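Here the structure comes first, spelled out in structure tokens, and everything after it is commentary.
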Amino acid sequence: MSIILGIDPGSRVTGYGVIRQVGRQLTYLGSGCIRTKVDDLPSRLKLIYAGVTEIITQFQPDYFAIEQVFMAKNADSALKLGQARGVAIVAAVNQDLPVFEYAARQVKQTVVGIGSAEKSQVQHMVRTLLKLPANPQADAADALAIAITHCHVSQNAMQMSDSRLNLARGRLR
């Protein structure tokens, strides 16, 4: 059993999603958004750090998964996004959580089956995969999708490792 915290970073709205994985079974534990309504960036970063730390304390995840920075058209926005990611990662590392990063395209490909999927498609598939009564908020859905991606990637890595081990055992006999 593993608990995974997914984070969709943003300097104004940071989405989070928490799921439990038991084998191939995924269970929704919680999700939401950390909203920073103050204007100055240092105060927003402090709120993101405090919010992520509080979520980690509440859910006690085993793994921390976050979206990678993408190339934005606006350099200022990309820098702010990078700083928001940074404080979220520091919050995880301060709690000794292993950090995993996934590209947005990989997350969409894993959850929807199309790397260029729309936000509404991600919301719908997250709702379906986690058997939720309604679509989660967009940023929370993205965070849950990141957590789901981590589950699938880690599950596939374990299967590949088992296959290699079995292949090696077959050669030794």
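Even glycines carry a Cβ here, placed using N, Cα and C.
Positions annotated as active site by Swiss-Prot, on the basis of sequence analysis: D8, E67, D139. According to Swiss-Prot, the Mg(2+) 1 binding site annotation covers D8, D139, on the basis of sequence analysis. What Swiss-Prot lists as Mg(2+) 2 binding site is E67, and the listing cites sequence analysis.
For the pair E67 (active site) and D8 (active site), the Cα-Cα distance reads 6 Å. Of the recorded residues, D8 (active site) and D139 (active site) place their C-alpha atoms 6 Å from one another.
Cβ neighbours of D139 (active site) (same chain, under 8 Å, six or more residues apart in sequence): D8, G10, V13, T14, G15, C33.
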